[in-house]
Amino acid sequence: MSFLTEVETPIRNEWGCRCNGSSDPLTIAANIIGILHLTLWMLDRLFFKCIYRRFKYGLKGGPSTEGVPKSMREEYRKEQQSAVDTDDGHFVSIELE
């Protein structure tokens, strides 16, 4: 049961749960939605770099590097990785000259 649907009351020197039953369809639906929401939020926080990179580039791994020299490919890869690594914070510091 969810904390939102339970009421804890002292009963005979113990903490118990006074519930009307968990067979209420609205309660079951709310619990399922809550569990799904929590699961999706946790997966998003764990894998957000991979997930959003997939949205940006689709099913391919990134922009095509066909015909580009290997040194330029490596430089581009490092640049993209550093851009992803700096995206960990919510705020970006911009200094104006």
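In case you wondered, yes, glycine gets a Cβ from its N, Cα and C as well.
As annotated by Swiss-Prot, compositional bias 'Basic and acidic residues' applies to 71-80. Residues annotated as N-linked glycosylation site in Swiss-Prot: ASN20. Feature annotation from Swiss-Prot assigns S-palmitoyl cysteine to CYS50; the stated evidence is sequence analysis. What Swiss-Prot records for 59-97 is region 'Disordered'. The annotation site 'Seems to be involved in pH gating' is assigned in Swiss-Prot to TRP41. The topological domain 'Virion surface' annotation in Swiss-Prot covers 1-22. Residues or ranges marked as topological domain 'Intravirion' in Swiss-Prot: 44-97. Residues or ranges marked as transmembrane segment in Swiss-Prot: 23-43.
In this structure, the CA atom of TRP41 (site 'Seems to be involved in pH gating') is 14 Å away from the CA atom of the residue listed as 'S-palmitoyl cysteine'. Counting every protein chain shown, the Cβ of TRP41 (site 'Seems to be involved in pH gating') has 10 other Cβ atoms within 10 Å. When DSSP labels each residue, the compositional bias 'Basic and acidic residues' (71-80) comes out as 10 helix, 0 strand, 0 coil, counted as helix, strand and coil in that order.
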